[in-house]
Amino acid sequence: MMQNNSSHRFKQHLLDGIEARERLPFNQDVPKQVDNFAFPGSFLAILKKFAGFIAAIVVGFLFLLIMPIVGCCFCCCRLCGNCGGKRQQKETDNMHCMRRIFSVVMFGCTVFVLVGNICTYVSNDRMTTAFDKIDEIVENNLDDIDTFVDLVQQQVQTIGQINLNRTRDAILSHMDATNMSESMSAFVLNKLSGGQIDAMAAHIDDITGALSEFQNELTRLEQAWPGPATNPVTPILGQFPNNDITTFKANSPIKQVKSDLKAKIEAAVTVPITGAATDMKVAFTEMAVQTKDMVDNIQKFKDETKGTLNIASMKSQVKDYTKTARTYDAYRKIGGLVLSAMTTLIVIFMTLGVAFGFLGQGMSTVPTERGCVSNSGGNLLMAGVAFIFIFSWPLMLLTTFSFIIGAPIERFVCQPLADPELKLIKTMEDKFFSDAQATLGAPVSSVLRGCRDGESAYTAFNLATRFNITTIEAKLAEQKTKIADQMQNTINSVATTAQHVGHFENQVTGFTQLTSAFTTVTTIDLAPLEATARSFPVLDISPLIQAQNKIKGLSTNFQKWENDFMSGMRNASRDILVGGTLDTLVTGFKERIVKIADTYVTSTKSSVLNDVGKCTPVWNLYHSIVVVALCQYTIDSFNGFWFSIGWCLFFFIPSLVFGVKLAKHFRRMEMPDDVEGDLHMDHLGNNKVSPAPGHIGHQQIVVKIRLDQTTSRLRKNVKSLVFAVKVLTGKQVFYLANEGEEEAVFYLTTAGQNKNNCVLWYALWRVSVGLHTRMRYSMMVTAATSSSSLIGILDYGSQSTL
């Protein structure tokens, strides 16, 4: 996948590069001009925009025209065998270096072709994968659309009806006479006393908890005391002040103050709160009418949307289309595999050719003595070259026509469709999407942009045309004002009543019992009990002692807490009697209740505008089908396929050139490079066997010398003869005779007619027996007396060049 992504990016850069150097923005008039057959007046503007595409297409067709012609010429040249196809190579000092360079270059070209070939397989398979995924992608996104429409209706119903009912119940619960008097009395007292009500309540909880802990420890020790003797814990437990604690709990100062204020507030609010609650129910009923209109319009939108989309029918159509596409895609995939296999075959020949030739080559091996492995490598390279000529033009034909189809779709369809501004959709929506626009309530491009940005359904689908949330908000705010007025009337009655409550500090009488309980517990002497308990190791009275010490600590601070509480009560009494203070407090209590209604009104508008029905699934449907499935999977894979083939074709050219050159270094040569002597037989004059003036020719002949297995001297003379030929020509002679064989074969380039060959052999014999140390010769055949004998001799064995 990584390799395919790299190919896609490279392909995208190529498509961008073949466009005009100045990237022109998408012209919204192009679809209209094409539709009306009206093109821009400037032909140069069109050429400028499409110059890159035209140039690429022209290059493709030139390749189609030239490559077959070059292939035919190359084939004829190979078959002729007189120049380029001649199996003849001249040995030079840098021949081995050139062979290595050609091998490295050829290997590099083969690697690049292999990379492109792999990409063709990946792109071909990815197109098939796209068809397999389209069905699933579309079905999942259509399900999301169906769920989205249902959720919009459910969320609006929750906000408009369920949350409204909860708000109504919460406010009416606060406006119950009993609940309101209790809440308001606690609120007023705590605020007026500076928090002393809550502080004293916490201290009392600590004190009663410590006393209970002390009593529990005494009870535990009484039950755990061993032996039948008198239990010393029982008298101490009898001293515990249960009556004082019970009396204190029943007549708590906090309860005394709260109950008195609560009773008077409840008496004051019972009548007005009943009327206010009735008015509030009416207000909430009117609010429900407004929200019901919103819910009904959303339900209508849901029904229209589902009726237009028909999700089930769309799923069925998508399945039918993908089923048909898979049927034809099977043939397309086979064709793609065949085309990819063509390139693979060439890669195999080139790879094996380089490997065999490089591994089978020796540093000291002359061209005429190259082994079978090296020769096979050269033949494989030539086979690869032949297949390049055979396959390259049909591959280029496919690449060119695929480019003509895929590149414009990528540039003028996929890129505009993936454009963040959706200019192509905006240009075409009036003609092609008018029905959808009527159903959605907004232009298709506007809906898609809104859903892409995560807007709510109300904003994206322009549901203000169905119900105006601002109007609903105004009506809800009007009802909220009525609720606030009713609460204010009720609070005024409470404020008037509370001013006649009296002095709170005079109502506090319950601390006497608590003080008495403190005195009783702290004066109990636990020392005798501790001394007696030492006789019983199983008894542990340390928790009892810790509990008593805790009570002593609390009793030390209790007097300060009591003074602070009484001071707070005096302040509360004073503030209630002072005008305006209580009004401020009860107004704060009213605002707490009114805030519930205000929160509902504000949150309803905010939720509808920003949160309800975020239409991201609509964008996901468009993006997954058009951008991902169609463009990224199908079109990009299609373009990646032809681009990969074009990549291979590009590197076929250097592979072809260096393959031919490298094959010359790997294949076994049939004859050595021609070497002409510098001794001219001018004394022969016009003899018919002398060369024609200004003309030197050569003809290869094969001479057989029969060896006598018992005559070692003759065999030695033959080897001397080989050495003499090497001295005369400066070349190695190919010697086929091995020890024990009956004949030796020499390949010589001689001058003269066949009947004059004895002249050459006589000269060679004179050198071999030591009559001469070196002899230069220059002879040539001007006419062949018999060609049949030459052809027959060629059948005896391999030939090599001098």
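Heads up, the Cβ atoms here are built off N, Cα and C, so glycines get one too.
Source: prediction; values computed, not measured.
Feature annotation from TrEMBL assigns transmembrane segment to 50-80 (among others).
Under the heading transmembrane segment, TrEMBL lists 101-123 (among others). If you look at the transmembrane segment (101-123), the same-chain residues 6 or more away from its ends with a CB under 8 A from one of its CBs are 1, 3-4, 7, 336-337, 339-340, 343-344, 346-347, 350-351, 354, 357-358, 381, 637-638, 640-641, 643-645, 647-648, 651-652, 654-655, 658-659, 661-662, 665.
Under 8 Å from some Cβ of the transmembrane segment (334-359) lie the Cβ atoms of residues 103, 106-107, 109-110, 113-114, 116-117, 120-121, 124, 127, 373-374, 376-384, 387-388, 391, 395, 398, 641, 645, 648, 652, 655, 659, 662-663, 665-666, all in the same chain and six or more residues away from its ends. The annotation transmembrane segment is assigned in TrEMBL to 334-359 (among others).
Within the chain carrying the transmembrane segment (380-405), a Cβ under 8 angstroms from the stretch's Cβ atoms is held by residues 56-57, 60-61, 63-64, 67-68, 70-71, 74-75, 106, 339, 342-343, 345-346, 349-350, 352-354, 356-357, 638-639, 641-642, 645-646, 648-649, 652, 655-656, 659-660, 662-663, 666-667, all 6 or more beyond its ends. The transmembrane segment annotation in TrEMBL covers 380-405 (among others).
Long-range neighbours of the transmembrane segment (641-663) within the same chain, counting only residues 6 or more positions beyond its ends whose Cβ lies under 8 Å from a Cβ of the stretch, are 7, 10-11, 14, 63, 99, 102-103, 105-106, 109-110, 112-113, 115-117, 119-120, 123-124, 127, 336, 339, 343, 346, 350, 353-354, 357, 378-379, 381-382, 384-385, 388-389, 392, 395-396, 398-399, 402-403, 406. The transmembrane segment feature in TrEMBL is assigned to 641-663 (among others).
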